[in-house]
Amino acid sequence: MRPAINFDNIILFAIFLSPFSYMFTYMNNLADIRIVELLWVFIFIAVFIKAACNKKLLLSKSSLRIDKQAHAVFILYIAVIFITCLFSVNINRSIKEILQYIYLFLIMYTVYNKAKEPAFFKKTVRMFLLSNILLVAICIASYISGRVIIPSFYLLPDGRIYANTNLFSTNTLMESGTEVLRLNGVLGLGATAIANQVLIQSLFVNYMIRVTSGKRKVFFYILLSANFLTMIFTYSRAGLLVLLVVHLLSVMSGDHVKNIAIVIAAVLACGIFFSLFSNVQERILETFNTQEQSSRYHFAIWLIALKTGYTNIFTGIGLGNMAFSYDAFRYEFYRFGLAQTDSVNVHNFLLQIWAEQGLFGVAANFMLIFGPIISCLRCKIFKLLSAERKIYDFAFLAFIATLTHNLTNNNFYIEIFWVLAGMIYSARDYFYEAEKGGDMNRKYSAFSGSKGSSSFFVTKQASSML
């Protein structure tokens, strides 16, 4: 008799592949379909069938107040995106978009329900680490060799397969006129998408350094250094700044003298690094140069997004419809001396929500995305400030990092963000139980960051991560 398929392993495999979801895409006239999407759809169907067989609702009843709040927010979010779709300027475009929104929401909900189990949360982190090893190894090897080791593939409607082997995109630095090569096109990821993956995954690498010893600690130090190097190759200004800040925050403690020493050491280290790599320094300083072209594009599109939201204040212009407002506000491009674009990307996820979903969307997304953050912060500040950092703290910090990064980019509607969002909801449950004084030490001992207690590695179930 064949052993039953472990359904959790299928979900974990989908999580592992999610950062590379654009590696293989089938392009057709209706919609571009990615292999990872098909895998997740299979998972959703299996979940629905299982729920139906057990005569359970997808949003199962719960007596816990925190679960009831989460379910209410989930229902509100789905209702709002349907409403914004109905009042869309181009409803055909919005129908395609709403399918993507529901798909990503179901990823979050699936991971949230599974990650309530500490063992599954641990395995999800393992998938992040494994995908990070693959990501940085391929990125560094591709950049140094000048060849795309693993490109992205596109299956065209006529049956032909196109491989995108464009490794680099270029940026000309404004002050020196130097042209820099930005890592691009590896594993189907652009420069900012690679930066976003590194921001999320590197914080779990950081955590592993704290709870391992010997050769494993050395390995994770090397892996963290590789993440910093990969970020440098992307020349992502926001990515590099956020990466430095969040990793600096991760080593802060209640010892103020130690914190001051860490900040001084970090400033000196950055000063030495930027003096050796002047191109990186110049690229970072362009962040604060309002005359730099990409900055001017950001300002123009942000203004248009603000005005678009005001003209459609309750429901927005409709999901995926941002490009349809550019003609009405083309003068903003001319004011900044720019050519008009038709990009849907607003380069700021909050303004994208405001422009496309209006006040209703802002309220629903605020509760969905920032609700668990507020809950975690309240518990940490008032109840758990002196507690040792746990893996949940690093998941929380990773979520803050990617949200901050998405204030200048739009890697918001991708799988890894919503996988992490599901983990954050499970982290919120952990903090809530800890605040209520539940017996969490036994249940969550595998996630303790304390040197004197069980660590992420030091358990029978987690004797080997890799």
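Glycine residues also receive a Cβ, built from the backbone N, Cα and C atoms like all the rest.
Quick caveat, the model's predicted, so the values are computed rather than measured.
Database features (TrEMBL):
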TRANSMEM  7-27  transmembrane segment
TRANSMEM  33-53  transmembrane segment
TRANSMEM  74-92  transmembrane segment
TRANSMEM  98-115  transmembrane segment
TRANSMEM  127-150  transmembrane segment
TRANSMEM  186-207  transmembrane segment
TRANSMEM  219-248  transmembrane segment
DOMAIN    226-364  domain 'O-antigen ligase-related'
TRANSMEM  260-278  transmembrane segment
TRANSMEM  299-324  transmembrane segment
TRANSMEM  358-379  transmembrane segment
Long-range Cβ neighbours of the transmembrane segment (98-115) (under 8 Å; 6 or more residues past either end): 8, 11, 15, 18, 31, 37, 40-41, 43-44, 47, 58, 70, 74, 77-78, 81-82, 85, 121, 124, 319, 413-415, 417-419, 421-423, 425-426
Range from 7-27, 186-207, 219-248, 299-324, 358-379 with most C-beta pairs under 8 A to the transmembrane segment (127-150): 186-207
Helix, strand and coil residues within the domain 'O-antigen ligase-related' (226-364) as assigned by DSSP: 100 helix, 0 strand, 39 coil
Criterion met for the transmembrane segment (7-27) and the transmembrane segment (186-207) (at least three Cβ pairs under 8 Å): yes
Integer mean pLDDT for the domain 'O-antigen ligase-related' (226-364): 88
The transmembrane segment (74-92) in contact with the transmembrane segment (219-248), cutoff 8 A, at least 3 CB pairs, sep 6+: no
